[in-house]
């Protein structure tokens, strides 16, 4: 079954052009199926691009999914039309009394910003605390992982001296875990961050299971034993040209960025890169939806019984 989205959302035509089955809300109402309710807190500046990336991965599942987009930054956006935000996004006050099967919190370009200087830090803390009682399973991506580790476990912000950018080799540490079911023993995934996630720090300060790690990128995928929390420190949702766009943007800004590792053919930015992580990204999201959301969420969300302390 497909994802359910508002009829006029730009992602509808974008994904249909890729032969992705998208069901508009008007058509979905004719089916007597209880869809999974998934809330997406989109923290990225280019919201439409990020919507397309995540909805692509969420659509590759036999489950029908009702997507609700959430924003917590009330400032005027420089990268997304106000009309789009008004038409397709809700504010936290609109949904705070609702329950959801899943929540995805995206990354944000805040790698070198102290938590106390993040304008919407109180709001993101509120959402994460709210999710304990209102969401079956939450998936944090990249910067959101760092924020959640601080809010939930008190782990301070850790940053690298140089930005981690490129496509890195990862090792599946727990191949029989539900979230890694079907993963190759080694696979590639993109990263673009200053945040540092040393596996030993996560083991020392949390009870999370580290499922996948990388010698260069550190802990990549980890989760709580009750499946309520999942963390991915990279960007499996990225399009093939996303890293290139970031690299050339930084070049134009005079930042002299390092060429992303293992990305451009022959490390030559003039050559077009190829995506080597698509199958992994799809499998990760299908596993999360199936094993962490669908199989443990109640049919009646009013009867949600959270297990997270």
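Placed from the backbone N, Cα and C atoms, the Cβ positions cover glycine too.
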Given Swiss-Prot annotates 192, 249 as substrate-binding, which of 161, 163, 225, 274 belongs to that site as well? 163
Residue 163 (substrate binding site): which of the recorded positions 111, 142, 235, 237 have a C-alpha within 10 angstroms of it? 111
Please classify the secondary structure at residue 249 (substrate binding site) using three-state DSSP. helix
Inside 8 A of the center formed by the CB atoms of 163, 192, 249, which other residues of the chain have their CB, for the recorded substrate site? 165, 243, 246, 247, 250, 257, 260
Could you tell me which of these binding-site residues, 163, 249, has the greatest number of Cβ atoms within 10 Å of its own Cβ? 163
